[in-house]
């Protein structure tokens, strides 16, 4: 019997992941042992401290460029940058999740059977405390995302995908208001997500088959083996193409790219708004992080084959997102379609296989995350007696009622529209420039044309808020608690700062834009 | 004195003023107006100092300043002006205080924040100065786009009938052009060696096809901005809905960004493409002159009428630019200035008339000259300036454009001349139907129509009238500044003026 050889493990490099997993486990214990009244504060504090500690570890690891734990995890520039981005955005989302003063009792239901305005619901509002499972679930999801962007083989990536997806399905179902919509969203997300996972897994199997077909090499699904197999011209590409397509479906589903986007508007609308913000920012970072790694590291040798297909998907995504956004009447659905269109712009960056392209995509991910979280933070504040007022007609004349928040939202919408001096402009520039350099002018032109279409729905909201007279049903903006204010300030300041002085972050992304193989 | 950072100070000063005005309490509207007016006068004084510090015979570009902004992309805050930009900066500096003075009571009518209105005007001034002073393509683009935001709110929040529709249309049209330009800017950056510096880019050589595509990207943006036929449909709506002061700035200055952009970016950066596209641009110019003039004749809304006259005038500027002779080019630039003065004046006077009557429809007037003789006289003068009567400044520029074009392209010049006749028609009919003839009895019942020009309004129109007359008789100070810049631009395009025939005979005689 041969000796079992243990892989070497670099615990310091894994620290951010371990911290978040540990925090999630401790969070479950807190649920079991800490009295109900204290749970919210303890859980919030725990999650926040864990995230900050993980951020510190990411910063301490900044120069790490290594592959550890038997080739399963790669800690390199993109990993660290994306992990940092996920964590920082997650802190913002956590602040929104932890908010308890905007709506008494919080935005989350205690358990599935509680309906809005029921006796139990009112008790929650009186301070008994709602569902604090949100925090460990979020920690699990974040841990999964941190692994997802660092995964160096396809199986680890699949497990990470499940680790962050399952908590998200649950989180979607936890809205305290509009319970049915929320549960429908969760079910839809779960069903479609399960299909996507199955596609991904099948793709992994096919790729394994592809690598095993090459004589003189061991089979495997780690990126180095896949890369070597792809560059080996002797192998038949059928399995490769099929496997690549199935993998891409799984990843593009999470990234909300057309035609795998159909879940996005329903889920974004039904999920509790803080969770929607979390998904729009962090899931996007994680999904594109994985896409970048898979296509730039594992399949780099096949770029001639996948670039036209992904390019077509990018164009379709931009088109679908932009055109359907025009017809939306609900602010959360509008932001969902805008997020789909943004996935298209990000794909343009993915298809620029240069250091600048990688750097630009990462810049875009971070910048977009800040803006979209700030946008959803404002959405949580515009409310009436029935909770958030998300129908656009209800936003008419908001600028007159609450000029400050309307101004903030206008600024964010201008950022989405790509007006200069906002991060929306610099990030578009950061992905379009390298794409043009990579001779993908058609993608840039499609991006520019869809930006024009997309400007219209944004502008319509601005018109609604400022130029329409306030109606009877115009809700007021709730004065945000400290947590939401903090998230809002971070988001808006980042959107402005990255638009005016993008230099420092660009230095960071450029320095980080190299994968270890 | 020439070391003083004129351009960055000029750009930043209105922004600071805007912040100050915006922070004033809503309950102190008069203070906000005074501060805004004072601030714009300060900018005017500084601009005048700069005008005299500029040496007309010196370098083509002066007052260069450059500070790093986004080193990763090679973006700098680079400012410098040539004669063309300098003239436009003067126009802005003169118009803004007058517009503030003319809009003294406009904001109250809308029930919205008065300080915000004047703050927006100052923000607009900042972006307008920036767009003309920028010598970095990225910086230019930033100002070009950001300029939309204050204008959008000026039209949308303080405008008249159909203001929402007009504001959105204005914004979307400009944004569409801007995004085409963005694609071209990125393309220029990629093929031009990752720099945005105008000086460096003007030395770069591009492949013929690339240059033509890039030219088109810039040209579409500028043609929408200017606006040239057939991209003009937003202007009558925006001009008709905007408050008169903002409309004067919109037509007087904002639209010049389009023609300025063509002169500064399209021609020198893509000379071959400019020559290749010139026949098309000339055709658009000629169509614009005739078509817009015909539409102007048929308008019943005063502000829309003035907007259409502007489109016709932009046709003249367009053919002046694309004729590629120094005379026509100088005429075009001079036209940009004179049109700003004349149409600015016309918009402001029309605004005064509309404010009194409470209606912009020509049919609601009639014989108004009997009630407000001075105002009617000023309207008549502004109209005459607009139709380029000899003795007023626009005549000089229109004449230069036409003779400059005639030497190289007779058919275009001849057709464009028809535009002068149509101009006489729409201006004189407008004046006749509003202020002459029998008095419309409804007018006597309107309170406002009994009041002729107030002192404030006289102060607004007097400088403009003086300048129009002065430049009509003695345009030399301005042409001295413009001429070298235009000559340099024409050299960039690679076109030299046709030699005068007499001269060539003398050459032969030697």
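From the backbone N, Cα and C atoms, a Cβ is placed for every residue, glycine too.
As annotated by TrEMBL, domain 'NADH:quinone oxidoreductase/Mrp antiporter transmembrane' applies to A:151-452.
Distant neighbours of the transmembrane segment (A:12-34): 42-43, 46-47, 49-51, 53-55, 57-58, 60-61, 64, 66, 68-69, 73, 75, 83, 87, 132-133, 135-137, 139-140, 142-143, 146-147, 150; these residues of the same chain sit at least 6 beyond its ends, with a Cβ under 8 Å from one of its Cβ atoms. Residues or ranges marked as transmembrane segment in TrEMBL: A:12-34 (among others).
Per TrEMBL, transmembrane segment is recorded for A:41-60 (among others).
Outside the transmembrane segment (A:80-98) by six or more residues, the chain places 16, 40, 44, 47-48, 51-52, 54-55, 58-59, 61-62, 64, 107-108, 134-135, 138, 142, 145-146, 149-150, 273-275, 277-278, 281-282, 285-286, 289, 362, 365-366, 369-370, 373, 376-377, 380, 483-484, 486-487, 490-491, 508-509, 512 with a CB less than 8 A from a CB of the stretch. Residues annotated as transmembrane segment in TrEMBL: A:80-98 (among others).
Annotation comment: TrEMBL describes A:132-151 (among others) as transmembrane segment.
When Cβ-Cβ distances below 8 Å are used as the criterion, the transmembrane segment (A:157-175) is approached by residues 107-109, 112, 131, 133-134, 137-138, 140-145, 147-148, 151, 181-183, 185-187, 189-190, 193, 197, 200-201, 204, 250, 254, 267, 270-272, 275, 278-279, 283, 286, 290, 294 of the same chain, each at least six residues removed from its ends. Look at TrEMBL and you will find A:157-175 (among others) tagged as transmembrane segment.
The transmembrane segment feature in TrEMBL is assigned to A:187-210 (among others).
Outside the transmembrane segment (A:238-263), and at least 6 residues removed from its termini, the chain residues within Cβ reach (under 8 Å) are 154, 161, 165, 188-189, 192-193, 196-197, 199-207, 209-210, 213, 229-230, 283-284, 286-288, 290-291, 294, 299, 302, 305-306, 309-310, 313-314, 316-317, 319-321, 339-340, 343-344, 346-347. Marked as transmembrane segment by TrEMBL: A:238-263 (among others).
Outside the transmembrane segment (A:275-300), and at least 6 residues removed from its termini, the chain residues within Cβ reach (under 8 Å) are 74, 78-79, 82, 85-86, 89-90, 92-93, 96-97, 138, 141-142, 144-145, 148-149, 151-152, 154, 157, 161, 164, 168, 171-172, 174, 223, 226-227, 230, 244, 247-248, 251-252, 254-256, 267-269, 306, 310, 332, 335-336, 339, 342-343, 346, 350, 353, 358, 361-362, 365-366, 368-370, 372-373, 375-377, 515, 517. What TrEMBL lists as transmembrane segment is A:275-300 (among others).
Remote same-chain residues near the transmembrane segment (A:334-351) are listed as 255-258, 261, 264-265, 267-269, 276, 280, 284, 288, 291-292, 295, 307, 310-311, 313-322, 324-325, 328, 357-358, 360-361, 364-365, 368, 372, 375-376, 379, 392, 416, 428, 430-432, 434-435, 438, 440, 443-444, 447, 450, 454, 457-458, 461 (criterion: CB distance under 8 Å, separation of at least six residues from the stretch ends). Residues or ranges marked as transmembrane segment in TrEMBL: A:334-351 (among others).
Under the heading transmembrane segment, TrEMBL lists A:363-382 (among others).
Within its own chain, the transmembrane segment (A:403-421) is flanked in space by residues 338, 342, 371, 374-375, 378, 381-382, 428, 451, 454-455, 458-459, 461-462, 465-466, 477, 488, 491-492, 495-496, 499-500, which lie at least six positions past its ends and keep a Cβ under 8 Å from the stretch. The transmembrane segment annotation in TrEMBL covers A:403-421 (among others).
Look at TrEMBL and you will find A:479-501 (among others) tagged as transmembrane segment.
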Are there residues at least six beyond either end of the transmembrane segment (A:41-60) with Cβ under 8 Å to its Cβ atoms? List them, or say none.
12, 15-16, 19-20, 22-23, 26-27, 30-31, 34, 80, 83-84, 87-88, 90-91, 94, 98, 132, 134-136, 138-139, 142, 146
Sequence-distant contacts of the transmembrane segment (A:479-501), meaning Cβ under 8 Å and at least 6 residues beyond its ends, amount to 92-93, 95-96, 98-102, 363, 366-367, 370-371, 373-375, 377-378, 380-381, 408, 411-412, 415, 420-427
